[in-house]
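Undergrad: Right, I'll just put the structure down here and ask away after.
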Amino acid sequence: MDEPVLLTGAVGRVGQAILRHIGTDYEWRLLDRAPMSSSKRPEGIDADDIYIGDVTDADDVREAIDGCRAVVHLAGDPRPEAPWDSVLQNNIDGTQTMFEAAVEAGVEKFAFASSNHAVGAYETESRTPDLYRPDDDYRLDGTEPPRPTNLYGVSKATGEVLGRYYHDHHGLSVVNVRIGNLTEGHPPIDYERGQAMWLSYRDCAHLFERCLLADYDYETIYGISDNDRKYYSIEGAREALGYDPQDNSAEWDGDDHVDGER
Ligand SMILES: NC(=O)C1=CN([C@@H]2O[C@H](COP(=O)(O)OP(=O)(O)OC[C@H]3O[C@@H](n4cnc5c(N)ncnc54)[C@H](O)[C@@H]3O)[C@@H](O)[C@H]2O)C=CC1
Ligand SMILES: O=C1O[C@H](COP(=O)(O)O)[C@@H](O)[C@H](O)[C@H]1O
């Protein structure tokens, strides 16, 4: 992809996972309301490619998105316990502003950072904790309707529906990535649920790169590594995007760390 890619929320964890692995491979525009320190900025990105602005501000977004062919939209309030006024503004209004600007700017592909919390209520009492264990074969595959855990999850489900609308009515290619639990270096410790939905940094970067390179219409897929423990299928991501994850939370056992950058 030769034309610029707009990455919102670039200063945050998911943004940094992406930039750390593929930060020098694309012509990025980086938009965040927080300033980006030089240690977070990939080589080759100069000050002109960094936009300090808010995704709820149409003028800020318009300036950053001009000339871009693809968008990776991460910016928002990521807290599962976030209050309604924050998710309404940052996640729902911000995402609608992004979609509207993307259509206006002629963007072709839009990857939206959705969440496991859009579907957390499938984790019923009768299914857990077996669901989180390697021998359990229950799977969500992205075709099921949202069942949010919390108001944050409601905001993510709403972002997915906004994507459906902008795909159906404006022809934008949209992929909703229901991200699991991104942690740096190793999977969450003493947290079975987190190990079942672990997404390593390098698999995260690879997955979003596939969102830039693959051809798709409207997809909802799960963003987790190839964990032995899993209740999210990654077949949808493999088929729609060519996702080929390298990591597995089962390769980590307490202090027995497997070598390699994740
Ligand atoms: N980290 C994880 O495991 C998961 C993350 N996600 C989603 O991925 C996205 C990124 O999450 P993280 O990187 O973990 O969060 P983060 O809090 O580390 O990064 C979010 C970034 O977005 C920026 N931001 C927030 N509201 C903004 C606004 N209105 N305008 C401009 N910038 C704004 C913040 O300044 C921050 O740099 C979020 O949408 C989150 O809901 C979903 C599932 C799991
Ligand atoms: O959507 C998100 O999910 C992850 C994992 O959820 P958790 O409830 O198991 O912590 C969370 O860490 C992240 O902040 C959030 O944005």
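Heads up, the Cβ atoms here are built off N, Cα and C, so glycines get one too.
Residues annotated as active site, proton acceptor in TrEMBL: Tyr152. Taken from TrEMBL, the feature NAD(+) binding site covers Asn90, Ser115, Tyr152, Lys156. The domain 'NAD-dependent epimerase/dehydratase' annotation in TrEMBL covers 5-182. Annotated region 'Disordered' per TrEMBL: 242-262, in sequence order.
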Undergrad: Please check the recorded positions Asn90, Ser115, Tyr152, Lys156 against ligand 2 and give me the ones with CB under 6 A, sequence order.
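TA: Only Ser115 qualify.
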Undergrad: Counting other Cβ atoms within 10 Å, pick out the least crowded of the binding-site residues Asn90, Ser115.
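TA: Selected from the binding-site residues Asn90, Ser115 on minimum Cβ neighbours within 10 Å: Asn90.
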Undergrad: In the same chain, outside Asn90, Ser115, Tyr152, Lys156, whose C-beta lies within 8 angstroms of the Cβ mean position for the NAD(+) site?
TA: Gly76, Asp77, Pro78, Ala82, Val87, Asn91, Ser114, His117, Ala118, Gly153, Ser155, Gly159
Undergrad: Do me a favour and check the Cα-Cα span between Ser115 (NAD(+) binding site) and the residue listed as 'active site, proton acceptor'; whole Å is fine.
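TA: So the Cα of the residue listed as 'active site, proton acceptor' lies 9 Å away from that of Ser115 (NAD(+) binding site).
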Undergrad: Starting from the Cβ of Lys156 (NAD(+) binding site), draw a 10 Å sphere and report how many other Cβ atoms land inside it.
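TA: Total other Cβ atoms inside 10 Å, all chains included: 30.
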Undergrad: Tell me, what is the mean pLDDT of the domain 'NAD-dependent epimerase/dehydratase' (5-182)?
TA: 98
Undergrad: Could you tally the C-beta atoms, other than its own, that fall within 10 angstroms of the C-beta of the residue listed as 'active site, proton acceptor'?
TA: 25
